[in-house]
Structures are given as C-alpha cells and as structure tokens.
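S.K.: Once you've had a glance at the structure underneath, I'll fire off some questions.
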C-alpha cells in the first residue's frame, strides 16, 4: 500500500556536449532511443517513481554542455538534490573536463550536493569504426578502472557505466539518484561538524526498492519548474524548454 506525501527529487544531468545525456534521459523516460542528435539548451522530464513504498516526483533536468551556455546553465542548479555528471567512454576529453570544468562549476553554487558519475556509450568500446578513429589519434577508450578512480577522486557517491543504445545500466543510475537524494546528510546546525564531501548515508538499515510507473503523457512548453505535482500513477514528459536544433551539429546519436 502506498503511503506518505509525495516528495520531489530534482536531478540535474551535466557533461560535455554530445556525450549522450539526452539519449540517456529519453531512453529512461520513454523506453525509446532517439534517432537524431539535436543539441539541447534545457529540457526537463517529470517521472512518478516509488521509493521505500512512497511516491516520488522525479524531476530530471537535461542541460547544454556547450561553452555557449556556460552563463545560462547554472540557472538550473538551485535546489538540486543530486547531480549526474556524464562522460563518454570513447571521448577522453569529456572525462578530463569533469575535474577541470564540471566539478568546479557545480561547487560554485552546490558544493556538498551528491554526485553520481556516469560513463556513457559503452557499446562503442566494441565498435570497429570508433576504435579505428581512436587509433588514428593514438587514443583508446576510457577504461572502467579509470572511471572508478575518478569517482573516488571527486567524491562521487556512485559510479556507473551505461549504454543508452542497449539500455544496459540505465535504470540503475536513476534508482541510485533517488536513493542518494533520500540519504544525503541533513543540514547541520552551526555547532555541528560538517564534512567536506557528500557520501551515502550509513544509517539506512536495509536497501529500498525503486519502481517506475510506465504511463506517459506530453505537455506543452513552459518555464522551468522543478516541483509540479502530478496525480499518482502518471509519468509525465515535459518537452521544449528552449530546445535548439543545429543543422550543422545534427548527426546520429550513439
């Protein structure tokens, strides 16, 4: 039996452009892989989930990774419960930028907010064309061990690898994000000691299940809003927040 008041959990997804952030979110919310790559400015997605037998309004924010939006992007950061930082396992620069761009940007306004590190496009590790292109530039795919090491270095609460094309690992990411939002340390009083890094709570006595509703509906464009409540049982997808289509950058997603 479902009990309790619905809690809103805001998750913001960041990372370099074209690393697969939008594909990850679309696959999770619609169970369909997008055919075309269209650069994002901002989109948000609302999903009704269950955590520990309680309803959760999961609000997912998709952001632009391009430098053109460096001043606009942080406007989506207030009241964020969890950040998901993505990099492509076949784009080493996107891994390096986590330390030099994304983590510093987040810490300017949201230091201490739980972070989940995600390596995307794992299916391309076995793609001959991709491997050939990497070899030409004397590079190789980012290994899982490198991702694990970076997650520890930046204090991420979880690390995942996934493929939006195959669906491998996708659901686990968002289940972990909800858990991290519920288990993040409460705001301490001035007399309490505060830690420099956020980590999973150790007070949870047992793991909780996160379930996903599957009914979807669409809505028209509206200003960014992260806390719109919807009836139980509904899974809503909000589209069109400043979505930009750049013909020069349009290409098949991986």
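Backbone N, Cα and C define each Cβ position, glycine as well.
Copied straight from Swiss-Prot:
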- 15-22, 62-66, 120-123: GTP binding site (BINDING)
- 37-45: motif 'Effector region' (MOTIF)
- 186-231: compositional bias 'Low complexity' (COMPBIAS)
- 186-254: region 'Disordered' (REGION)
- 232-254: compositional bias 'Basic and acidic residues' (COMPBIAS)
S.K.: Give the helix, strand or coil assignment DSSP yields for residue 21 (GTP binding site).
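M.R.: Its secondary structure by DSSP: helix.
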S.K.: To see if you understand the setup: which same-chain residues, six or more apart in sequence, place their Cβ under 8 Å from that of residue 66 (GTP binding site)?
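M.R.: Residue 66 (GTP binding site) has long-range Cβ partners 17, 39.
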S.K.: Under DSSP, is residue 66 (GTP binding site) part of a helix or a strand, or is it coil?
M.R.: coil
S.K.: Can you tell me how many other Cβ atoms are located within 10 Å of the Cβ belonging to residue 15 (GTP binding site)?
M.R.: 27
S.K.: Sorted by position, what residues of the same chain at least six away from residue 21 (GTP binding site) have a C-beta under 8 A from it?
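M.R.: The list for residue 21 (GTP binding site) reads 13, 14, 15, 40, 62, 63, 65, 86, 120, given in order along the sequence.
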